[in-house]
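Features of the protein shown, as given by Swiss-Prot:
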- D487, D493: Mg(2+) binding site (BINDING)
- 554-613: domain 'KH' (DOMAIN)
- 623-691: domain 'S1 motif' (DOMAIN)
Amino acid sequence: MMFDKYFRKELDWGGRKLILETGKVARQADGAVVASYGDTVVLATVVGARSVKPGQDFFPLTVNYQEKFYAAGRIPGGFFKREGRPTERETLTSRLIDRPIRPLFPHGFRNEVQVIVNVLSHDLENEPDIVSLVAASAALTLSGIPFFGPVGAARIGYIDGEYILNPTSAQIAESRLDLVLAGTEEGVLMVESEAHELSEETMLGAVTFGHAAFQPVIQAIIELAEHAAKDPWPLVEESDEEKALAARVDELAREGLRAAYAEREKTARHEKIGAVKAAVLETLAAEERSVEKAKGMFKELEADIVRNAILDNGIRIDGRDTRTVRPILAEVGVLPRTHGSALFTRGETQALVVATLGTAQDEQIVDAIEGEYRERFLLHYNFPPFSVGETGRVGSPGRREVGHGKLAWRAIHPLLPGKDKFPYTLRVVSEITESNGSSSMATVCGTSLALMDAGVPLPRPVAGIAMGLIKEDKGFAVLSDILGDEDHLGDMDFKVAGTEAGVTSLQMDIKITSITPEIMKIALDQAKDGRLHILGEMSKALTGAREGVSANAPRITVINVPKDKIRDVIGTGGKVIREIVEYSGCKIDIEDDGTIKIAATSDEQAQKAIDRIRSLTSEPEVGQIYTGKVVKIADFGAFVNFFGARDGLVHISELAQGRVARTGDVVKVGDTVKVKMIGLDDRGKVKLSMRVVDQATGADISDQVGAKGGRREDAAE
């Protein structure tokens, strides 16, 4: 048979059927699994290189997640009808898959591994990211590549006080929590979430619920592997020569590294570490030992020294204890012409954050497989090489920048006012000007301040803190506000953002096999203390949103017109709306329900547009006074343009009090006059009067003048 190695496993999971299949598609890959959940179908493949590239001192794992438009029965929009560079969501999902599987490869494994996940069908109800993570885990487990899995994953919602397993797209929209987690049988490896100010207890409960919920998936992968797994690759054990080299590196470097890590300032510390490393490698080269292997051993020795110092003495690299947050300085309004700005400095980490307010025309149009939609809140995170004192690539954002920006986006998004209350498009740019750990959390703090400086009515400020973990057999330590070195050498990156009322975002990545609920609870409680401290420091700069938007920002006025009048405002081919825009200098957005948003740089501009639109959608009222312009004069009176594009006749008898010999004696073409609508003639034409209006003040003086004005005896009717 052609597909004699085809195997299938299915289970009921979260009210829907999860199906895992292998042996039929992509059979030349080391591992390939087709996973279906509802009508969402993905293909995950895994291929590993059989040899290590010379000089390779890291694990080259690549994860590529791709959404095909045909999966939802669509053709890509735009000029090119083919999927191109990865979208933001594809990049984020690639990272989502990468993060829980990376820690489960053996220490010292250097073979290149590539995971590719393609979305083949999307039912627009079941999100493909969870299915993709499960499929990738299954493909790795079957591949024979050394992998200490399998990994399970789930999405958790929170509606009406109840946790929901794998909520549908419609349920996610009404949920107060959107949490994705992944892990093994023993514990959790990765968490990513957006929440509406939930308590630490609720967040921990969601993680515990999710960990239990994906255990059947792990069991299904194990059962599939019992039938379909390939023979495991042999693991290369450390040779006697490598053990001797590691001992020699320890002998040459330990004391020098201890002294270097006693330096509290980052730049000076790195210079001393670099000097120790150069001396060690020079000695080893003279002894004709492997310098490339020694570099990795040097990193491991660094980790050992830092980790044990923290566990034994409770003292960190920069001299702090495990709970202390670095000194903070928050400033707002630092850039004169921007709509909102903030400079947030925490130790040697600094973010310059700028907020810009725009109109609906500035919204990001996203062409996704579900269809086109618009995004009104944009957050862009930039990490230039100078922020860490290095040279490097400058250009389009990398995966890390996209991921950090989205993390900060999730932290702020639940607090944003609705479009009906604040009809602006918001773009925030975070420029990381210095970095020594927690730059994404500095972005959260800076974004909160910059938005409030711009007048965005956030109900409460938002702050974020990054937590770390050092875990050995002899104990563990949870670290508040970690440095870059503590991130690299530690076992956990645990980021929590929120307000004084609760958590808005939580992201966790574990570099060891898993952590316990006890450690996670300690980290959450410690993070809350740190977050409240940071909020207190931020309040010294700004306690809440400014009363109004910046003078440099557009003023948006919202008016409503009847739906059947929209065509009158737009005009044939957009002729009328273009004329209004040109006349007023405003940006105007018209929605299908008759809502019109007018963005102007001054109140005068906005009023000009409002008056013109009102004139098109409303009827002038008898007895009301209007400002108009004389457009034509005749023997029998003057024609006045008023109420937008309306024209009316001021009969010669209504031009002024007393006798008027000639129309031209009172008005000329182009004069601005104040008129009162006094009725319609038998042909429906508007009749106006100037004589009953005080031309200086615009006041109605009907009761002060006679019923009829003067006129020429030969004036035409």
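Cβ coordinates are placed from backbone N, Cα and C, and glycine is handled just like the others.
It should be emphasised that the depicted structure is a prediction, and the values quoted were computed from it without experimental measurement.
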Composition by DSSP (helix, strand, coil) of residues within the domain 'S1 motif' (623-691): 6 helix, 35 strand, 28 coil
Secondary structure of D493 (Mg(2+) binding site) (DSSP, helix/strand/coil): strand
DSSP helix/strand/coil residue counts for the domain 'KH' (554-613): 32 helix, 16 strand, 12 coil
